[in-house]
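Engineer: The following block contains the structure, expressed as structure tokens.
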Amino acid sequence: MEKKKVVLAYSGGLDTSVAIKWLQEKNYDIIALCLDLGEGKDLAFVKEKALSVGAIKSYMIDVQEEFANEYALMAMQAHTLYEGKYPLVSALSRPLIAKKLVEIAEQEGATAVAHGCTGKGNDQVRFEVSIQALNPYLEVIAPVREWKWSREEEIAYAKENNVPIPINLDSPFSIDQNLWGRSNECGILEDPWAAPPEDAYEMTLALEDTPNKPEFVEIGFEAGVPTTLNGTAYPLSELIKTLNALAGKHGVGRIDHVENRLVGIKSREVYECPAAMTLITAHKELEDLTLVKEVAHFKPMIEQKITELIYNGLWFSPLKQALNAFLQETQKNVTGTVRVKLFKGHAIVEGRKSEYSLYDEKLATYTAQDEFNHDAAVGFISLFGLPTKVYSQVNQKKVEA
């Protein structure tokens, strides 16, 4: 029987390494796909490991700039904080991974794609909904969800089939990382009362270890896109990396969150997002300076919906594309510079300026230079309060009667 081809999203860990052997037993030729999302792994080693385990071909693709410009940027502009806290670190990368899986599958003539997600997480939904949106004819295989092995059973299978056991297998944590941040769950973190141990963190320093002197950074934006740090221009992926190091050194971006998962359970996760939280904070302040009130007040409703769509795996949905069109329209004048103080876990905006600033000091001042027409306030108040006044008059008459 001729073997079918499957493209596997490969991380180099135990689950996806075992999946190669498991898929071989199901009569598949496996093509491994590993993406460089800025997590800092030795991906050349991961690429070769896939071949040594049994893949017939192995791809390693650097998608850092694509991830930064087409995914993280939108999240920043939409101030996406799921349940007010989580900047969608993992949720943002899943549609890009799904997109590349589909592209390689079509290029290689594969009939299926596979991922290493379990049956109780959000990522299985994000991957499979995205894949269906991009190519509804591809079969999607989820080996870990199908085999339902315990960790001990999986290790035993790996040993029987000469699959290398990762040296960090004893780590209690499940970690996912990319340019936009780092997520950490499992182990002691499953107890919502337990304080996260310091070894749960990698990108940020504990407050006790951060500098006792603040550091200032000026972030330049052009049409909503961060382009400079302290006057130096960077590609967006490099700007994010640089800011991760700067803000992380000051303990910015630590998040401890009990979140409501898409699949109906609550999960406690620890996130580190120094650049994401700094950029979202700075960008919001620049919008406050440059957007008219009606747009500034309406945009958070769109942001909330965009956040939910991304979290729920609906990146490629028609609604998300439509809302993105609104989002891009709001960014045309979000150009300027924001000065941020990084200190003891905080990213504090201390100054902002823009050629499109709608702040008029002559109208806002209380000094002798005040140009605001105070006399106009009388008529404005009369008209603005008229519906409330009429309502009160009518109802007071009924009470008196």
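Quick reminder: no glycine exception, Cβ is built from N, Cα and C everywhere.
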Engineer: Besides Y86, N122, R126, S174, S183, E259, which of Y137, Y271 does Swiss-Prot list for that L-citrulline site?
Structural biologist: Y271
Engineer: If Swiss-Prot says A9, Y10, S11, G12, G13, L14, D15, T16, S17 bind ATP, which of G116, G119, G121 does it name for the same site?
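Structural biologist: Given A9, Y10, S11, G12, G13, L14, D15, T16, S17 bind ATP in Swiss-Prot, the matching entry from G116, G119, G121 is G116.
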Engineer: For S17 (ATP binding site), which of the binding-site residues Y86, D123, R126, E259, Y271 has the nearest Cα in space?
Structural biologist: D123
Engineer: Could you give the Cα-Cα distance between S11 (ATP binding site) and R126 (L-citrulline binding site), in whole Å?
Structural biologist: 17
Engineer: What residues, ordered by sequence, lie under 8 A Cβ-to-Cβ from Y86 (L-citrulline binding site) and sit at least six positions away in the same chain?
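Structural biologist: Those within reach of Y86 (L-citrulline binding site), by Cβ under 8 Å and sequence separation of 6 or more, are I255, H257, E259, E269, Y271, Y311.
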Engineer: List the residues in the vicinity of the L-aspartate site, defined as same-chain residues other than T118, N122, D123 with C-beta within 8 angstroms of the site's C-beta centre.
Structural biologist: C117, K120, G121, Q124, V125, R126, V263
Engineer: The record names A9, Y10, S11, G12, G13, L14, D15, T16, S17, G116 as the residues that bind ATP; what is their largest Cα to Cα distance in Å?
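Structural biologist: About 13 Å separates the two most distant Cα atoms.
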Engineer: Please report the Cα separation of S174 (L-citrulline binding site) and T118 (L-aspartate binding site) in Å, rounded to an integer.
Structural biologist: 12
Engineer: Taking T118, N122 as the binding-site residues to compare, which has the smallest set of other Cβ atoms within 10 Å?
Structural biologist: T118
